[in-house]
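So that you can see what the record holds, here are the features copied from TrEMBL:
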{"type": "DOMAIN", "residues": "140-527", "note": "domain 'Major facilitator superfamily (MFS) profile'"}
{"type": "TRANSMEM", "residues": "173-191", "note": "transmembrane segment"}
{"type": "TRANSMEM", "residues": "203-220", "note": "transmembrane segment"}
{"type": "TRANSMEM", "residues": "226-243", "note": "transmembrane segment"}
{"type": "TRANSMEM", "residues": "264-284", "note": "transmembrane segment"}
{"type": "TRANSMEM", "residues": "290-312", "note": "transmembrane segment"}
{"type": "TRANSMEM", "residues": "350-373", "note": "transmembrane segment"}
{"type": "TRANSMEM", "residues": "385-404", "note": "transmembrane segment"}
{"type": "TRANSMEM", "residues": "416-435", "note": "transmembrane segment"}
{"type": "TRANSMEM", "residues": "441-463", "note": "transmembrane segment"}
{"type": "TRANSMEM", "residues": "475-498", "note": "transmembrane segment"}
{"type": "TRANSMEM", "residues": "504-523", "note": "transmembrane segment"}
Amino acid sequence: MSSFSVAVKPVVERPSRLPADEEAVDLSESIDYTAPPSRQGRKISASADNGGTYELHPLPEYFTERARRPSVLRNDSTADTITLKDLVPERSLPVLEDAHLKSRIATATSTGVAIPAIHHRAQIVESERSKSYRRQANLQFAAVCWCFFLEGWNDGTTGPLIPVIQESYHINFAIVSLLFVFNCIGFVLGAGTNIYLNERYGLGKIMFIGSLFQVVAYAMESPQPPFPVMVMAYALAGFGMSLQNAQGNGLVGSLKEHKTTKLNMLHAAYGVGAFVSPLVATHFSYERHWSYHFIISTGIAISNSVVLALVFRFKTQEVLLAEAGQAPGESDAAGSRGANLYSSILNIKAVHFLAFFALIYIGTEVTLGGWIVTFIINEREGGKSAGYVSSGFFGGLTLGRLSLIWFSKKVGEHRVIFVYTLLAIALELTVWFVPSIIENGVAISFVGLLLGPMFPILVVHATRILPAWLLTESVGWITGIGMSGSAALPFITGLLASRYGIRSLQPLVVSMMCTLVGVWALVPRTRRVD
C-alpha cells in the first residue's frame, strides 16, 4: 500500500496577483489517504463551489512507517549526529581562556536529542569563582595564623628567660614582673585604640600597623638594652599584638562557614608559636648573649609585616570577606554604626562576663607558662633544662585546641568548660603536692591540653550572644581586658614569690581556676533579644 496526501485549499478571496514572496501556496488542511501501490498521483477536478482542483501526491514511505511503528526510528543506531556550538558568546565570558571550554559542543542525536545547556559555561565560571574564593579565604586565614604564631612566640619567650634576665640585671621577682605589667598595659591600650581605629582605617591597615610595633619592639630588645628600655619594648609589643589579635579574631569570628574549627586552628597556631619559642629561648638562656633570641623574633616579625601587606593589601574586613566569597551580613549593616561604639559595648552585660573570664583565663595561662620554669628550678631542683616544661605546657595547649574539638561539640561547648576546668584543678593539685619533676612536667602538659580549647570556645560563644555589628570591637575589648590578666596575675605571683617564695604559685593558680568555674556560670547561654 502507498499513501496519498490531499491538499485542500480553503475558499478565500485571493488578490489578482500575489506578491513575489508569496508564490508558495499555504494549505490550511492536510488529509492523508492510503492507496494501493499501483495507483499513482492523480488530479481531481472540482467546481468553484467546492474549492477548485485537488491534487493527490504519494506520501514518502517513512511517514507511514513512523506512524505505524514510531519505535523503529527511535532505536535506529545509524542516526546522524548533529553538533551544536555553544550558544553563549565567548566575549561575554572573558574569565574563561581555556581552549577546551571554547571548543566544547553539545551532541544531539535522533535517538534522543541532547539539547545544549546554555548556562553550562556560566556554571563553570561559578565553579572557577568558587575556587578563587576558597584560595583567597585560605590565604587570609594563613596570614592570620602566622600573625598568631608570632603572638604565641612572644608569650612563650619570657618564661625560660626570666632566670637569666634576673641574673643579668640583678633584679628580684617583683621587678622582673614589670615585663608582664607593661606588656599588659600596651595590650589594654591597644584594645581601646582598636575601637577607634577600626571605624577609620579597617582591618588591613590596622594589622599592618600593629605588626610594625612588634618589629620595633624586638629590635629594641635584641642588643640587651637597659632594663627600662626592655620594659618599654614589652609595652610596644603588647600594643601591636592587641591590634592584630582583635582584628584577627574578628575576621575569623565573622566567617559563616567552619567558624568553630577555624577559630580552634587559629588559636592552635598561637600554641605552636608558644611551644616552639621556649625551645629556642632555653637554648639561648645558656649563652652569654641571651638577648640574641630577639633577633630571631625580629626576623619573624618582619616576615609577618610582609605577609599582612601582601595578603590584606590594606583593605577593610568587609572587602576582604567579599573577596573570599562571603556575602555581606548583619555585621555590614550601616544603621547601627552611628551609635557610640564604646557605650554600645559597655551596655552589654555579657561582654563584661566574657572579659572577666578572659582576664582570669589568660592570666592563668601566662602565669603557668611564665613561672612554671622558675617553680621547677627552685622547688623541684631542676636545671635550666626546666625550660622544656614550659614547652610541654604550650604543646598541650596546642594539641587541646585541635584534638578536643569533637569532644567539645559532643558534650556542649558551654557545659564542657566546667569539665575541662575541674579536671585541670585536679591535675594542678598533683603539681602542688607531688614533689616529682617528671610527674609535674606531665601534669602541666595535660593542664595545657585542658586549658587549650577554652579561649576558642569563648570567642565562638561571643559570636553567638553578641550583636554581629559589634563583634570585632567587642572581641578586641574582651581580649584587651583579658590580657590585663596576663600582667596582673604574673605580677601578683612575683609579689607573692618575693614574700613567700615561688611555692605560692600553685595555690594562686588553683584559686584562679576555681574562679573560672564561677564566672563561666554567669555567662549567658544564648543571646538576649531586647
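Cβ atoms are placed via backbone N, Cα and C, with glycine included.
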Stretch contact, the transmembrane segment (264-284) with the transmembrane segment (226-243), Cβ-Cβ under 8 Å, 3+ pairs: no
The transmembrane segment (385-404) in contact with the transmembrane segment (350-373), cutoff 8 A, at least 3 CB pairs, sep 6+: yes
Contact yes or no, the transmembrane segment (350-373) and the transmembrane segment (226-243), 3+ Cβ pairs under 8 Å, gap 6+: no
Overall pLDDT of the domain 'Major facilitator superfamily (MFS) profile' (140-527), taken as the mean: 88
Best-contacting stretch, by C-beta pairs under 8 Å, relative to the transmembrane segment (416-435) and drawn from 290-312, 441-463, 475-498: 441-463
Recorded stretch, among 173-191, 203-220, 226-243, 475-498, maximising Cβ pairs under 8 Å relative to the transmembrane segment (441-463): 475-498
Distant-in-sequence neighbours of the transmembrane segment (290-312), which means Cβ under 8 A and at least six residues beyond its ends: 139-140, 142-143, 146-147, 149-150, 153-154, 157, 161, 164-165, 168, 203-204, 207-208, 211-212, 214-215, 218-219, 221-224, 280-281, 284, 320
For the transmembrane segment (475-498): best-contacting stretch of 173-191, 203-220, 226-243, by Cβ pairs under 8 Å: 173-191
